[in-house]
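**Q** Below are the features listed in Swiss-Prot for this protein:
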{"type": "TRANSIT", "residues": "1-28", "note": "transit peptide"}
{"type": "BINDING", "residues": "HIS544, HIS548, HIS551", "note": "Zn(2+) binding site"}
{"type": "ACT_SITE", "residues": "GLU545", "note": "active site"}
Amino acid sequence: MQVRTLLTLGKKKVIGNRQCILSLYRKYSNVQSRKAEDQLLRQIFDDQNIAVNQITKRNGIQGVGLFRNHFLSDKDTGFLRLAETASEKCKAVIEDLLLEDTEDGSIVVSKFDRISNLLCSVIDLFEFVRCAHPDKMVVMKAEEAYSYLFELMNTLNTHQGLYEKLKCSLQQTPTLKDTDPEAYTVGRVFLQDFEKSGVNLESSKRNSFVKKSSESATLGRAFFNNSMNRPQRYLTISKQRLAGSDPYFVRSLSKNDKNFIMIPTVGYEGTQALISVANPDVRKEIYMEGHKGTVEEVELLNSYLRSKAEVAKLVGKSSFADLQLIDKMANAPKHVVEFLENLSLKNSSVLKKILNNLALMKKKELNLNFLPSFDVWDREYYTARYKQSLINQKPSLNPSITNYRRFFSVGTVIQGLSRLFSSLYGLRFVPADISPGEVWHPDVNKVNVYNENDHVMGVIYFDLFARTGKTDGAAHFTIRSSRELDLTSFDDSISLGFDDATNIRVKDNKRYQIPVISLLCNFVRSSGMDPTFLDLWDVKTLFHEMGHAMHSILGHTKYQNLAGTRCATDFVELPSIIMEFFMSNPAVLPLYARYEGTEIPLPVQVLNHHNMVENSSAPLDLQSQICMAMVDQLFHSKVVLDPSFNSIDEVTNVTRKFSGFESAPPAAWYLQFSHLYGYSATYYSYIFDTVLASLIFSKLFAGNPLSREAGEKFRKAILRWGGSRSPWECVAEALEQPILATGGEEAMRRIGSEGIKATSTF
């Protein structure tokens, strides 16, 4: 059944489905193309009458398969056949590489990247399908194919023949660093990945490495699952002790009997209790109960930490942090610690003022004649009240009021992002046709990203609304990254079933693979036919993820292994965090915050007031993150191998020194620190990139955040390189501080001492 719609383009009214609308738009666009496509962009996200896509057959055209891959038009066998094809192509390239009598580093690196592209083009697609597809059978098929290729990838990571070929070629081409620096960088990355996998170890050590790595991965998954699924713990409290607490919260609690109430202490519910309960003694009990750990939980974490340290020792590193940071901007654990110490020192004076103000609030509320201690369990309660007092000063400017959400329809925000990127980089979003079978759900929208010469620079699939079975949170997926194409790589794409007739662009007489991105969010779709309206946190999420997308689209490199977001962990968040600074800037506000169906912008006073309220606790939040990053460094140092290591004692020492709460009691809060699994020794990265983003935003965009000149400088210094250039050189160029170009201890110290310059809402 075709969905009929009424769409107004200027003075013309068009009835039809999405495909008809797009076709008529193209005719109409000869007159007012840019204005028409800008309005249509907003409408395809906001007007539910428009058929976002048609999964059924249209005009006799058969389904093209997910992401226009013809293998995937067959849901039953397509995934495995695609995996098998990629495997066969990889093995053929490997055989050819090992037999080829060449030690030319550039040629060898190019073939390594070809292998990597064959694998990543398919396995990244499978990973996305596992996270997003609503059909459980399709997910199962994708998982089966993913496992098939993952096994091959693990085999290649420990392939001694490939390792020796690469190592020898880099040694035999000493001038490669100067003649082809990008090839040299890619080659070094491949070599480091091999050595991190223990391929260069002698046989018995290599076997131990494989075994210990497997054990560590198992322990890590167990710890992560425990940290994310901790059983709720309750306190039974008499109703009298809850006098003065939030009545809505108290009414929501289970009652043991008419005189006692059960209060949850773990996770989100525990945090709500700390926000809502007025009695400081009860808050302390909630905090302590919610941060208890069993002997088994502590031992699981300790075993996990020891296993990682033992893996590092097998490859000649004194700690897991030393192993992890080899290829990061920080380079060494001591540099991370010095950065965090300097940042903590920079934050200390304003932190003391905030804690003193909160202690004064506590004194007043408890009617004391002395300044009481301000404890860790007081933080949530008084921070919430302090923010509410700021909101109450100007209640008409509170953006949580429902009316203000109508300035943030999904279509308006995405239209605003397109307008922002047009100002900064000369890029714009244009709604694209969707062929039958190309997308996985009717909610999905597709846009092409065009430059000012009307060349397609990238493709973005937006999957923004929550649904059952979809992965939680927000995520940016690179389905295919950019890379320079030659005849062999073009043939590879065709062999893998990709429709590359529409996925190639030409620049300087070179052909490049067009990056394909998918953005996942979990916004709650509006009921009925109204547009979906976002709150400011949702808007922040879109801006953040679009920062990653722009990095993927503008990160043009010769080799896919270092394209876009394939860069150092402590550099990759910089482009996304800087987008949060754009969002918080009053000059950018009219681009993305306009009242439903109009061009009337949100009053700038609302944003300024919101920024002021949120930033009122920013130093507290920063100090908490510094403390967690310090614990992350502690847990990945060699101290965990000491037989006398006691995690709770060590964490208590770090907490008292770096949390802002010098008398914090021993507590096992770190058992809920799930990032110890995914961000081992690199949790500092988000803080580090926030500081870098603030410095770069202040340098380039403070005077005019819509400056094309500044946008071009950011693109040329930061975005275009992906991971093919030293990130320190990128930062040094953007900040015009050559002294930073070599990185190292002094550079980390300088960045930490600078602190956060620009302000972000979040």
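First residue shown is number 1, and so on along the chain.
Backbone N, Cα and C atoms are what each Cβ position is placed from, and that goes for glycine too.
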**Q** Among HIS544, HIS548, HIS551, the binding-site residues in question, whose Cβ has the most other Cβ atoms within 10 Å in this structure?
**A** HIS551
**Q** Do you know offhand how many angstrom separate HIS551 (Zn(2+) binding site) and GLU545 (active site) by C-alpha?
**A** 10
**Q** Using the Cβ center of HIS544, HIS548, HIS551 as the Zn(2+) site position, which other residues in that chain lie within 8 Å, going by their Cβ?
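**A** Here the non-site neighbours turn out to be HIS476, GLU545, MET546, GLY547, ALA549, MET550, SER552, THR565, VAL572, GLU573, PRO575, SER576, MET579.
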**Q** Around GLU545 (active site), how many other C-beta atoms are within 10 angstroms of its C-beta?
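**A** Cβ-Cβ neighbours of GLU545 (active site) within 10 Å number 21.
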**Q** When DSSP is mapped onto helix/strand/coil, what comes out for GLU545 (active site)?
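**A** Helix, per DSSP.
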